[in-house]
Amino acid sequence: MSEYISLEQYNTYRIKSFAKYVYFPTNNQELLDIVNNHNKLFFLGNGSNVIFSKEYYDDVAFVIFTKKFNSFNIIDNYASVQAGVLLQDLAFATYNASLSGIETFYDVPASVGGALIMNAGAYGDEIYTCVKSVTILDLNTKQIKKYLKKDIEYGYRYSIFKYMKDICILSAEFEFEYKSKQEIKAKLDDIYSRRLSNLPQKPTAGSVFKRPQANMPVGIMVEQLGLKGKQIGDAQISPKHGGIIVNNGNATGQNILDLIEFIKQQILEHYNIELHEEQIVI
């Protein structure tokens, strides 16, 4: 730890924020030591679903898992995976082992821990399809607890862990299905081509909003209102996808939040639909 560490590389919007307390634990004991020394913590994976609202953070200790808390082990068609493992790395490792189930997420820039909290989804699949169990740390009792899949409530863009206060996901166990590499690669190639044609290549945190109950995609409504390309500061509604905001270089968290509020107001005014953010504001 040092005075004010940049968080730019730890959020996919590439917001230029800084924090006084930043830690990179390598094991459970180091994590417990950090928990015991700070009252206010934020556990960060790859930062693919977060918005830093401030330039400087003095009161929050950021615990980043993707740098050192990121090992996994594959035996037969099972994998034990620490929270900081990137979905992309796990997807390629399982592909090389002729295992199917996680390849849908190979282009999702999220960590396993973050994906489990939000029940990450892509192209109709959800992360919990392959989950066997999730192990967490209770920050109050300092106890480690394993949840079997049958005991985990989850649904569209949420899991039980999203609403549990003072917990931290440590690891998960996955069960995959054997398939030929050719079949898995065909799916990887299809996802890659769809992403290239439909999604922006600039810094972004992906879909900003949950799909509304009206079941009309936010991107379609934004496009119908002619809002694609709208910009506040360097935050812009992607010209490629109306449900995504990109950073054109120097967007602040406040630029992004102002643009989110603008979109919400426009959708409410013209469609009478209230949008809810999928992303987490810190």
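Note that Cβ sites are derived from N, Cα and C of the backbone, with glycine treated the same way.
The domain 'FAD-binding PCMH-type' annotation in Swiss-Prot covers 15-179 and is backed by sequence analysis. Annotation source Swiss-Prot lists active site at Arg157, Glu278. Residues or ranges marked as active site, proton donor in Swiss-Prot (evidence: sequence analysis): Ser207.
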Please report the number of other Cβ atoms within 10 Å of the Cβ of Ser207 (active site, proton donor). 22
Neighbour count, 10 Å Cβ-Cβ cut-off, for Glu278 (active site): what number do you get? 19
In the chain carrying Arg157 (active site), residues 6 or more apart in sequence that have Cβ under 8 angstroms from it: Met118, Asn119, Gly121, Lys210, Glu278
Under a three-state DSSP reduction, the secondary structure at Glu278 (active site) is coil
Please work out the mean pLDDT for the residues of the domain 'FAD-binding PCMH-type' (15-179). 94
By the DSSP assignment reduced to helix, strand and coil, which category contains Arg157 (active site)? coil
Quick check: in three-state DSSP terms, what is Ser207 (active site, proton donor)? strand
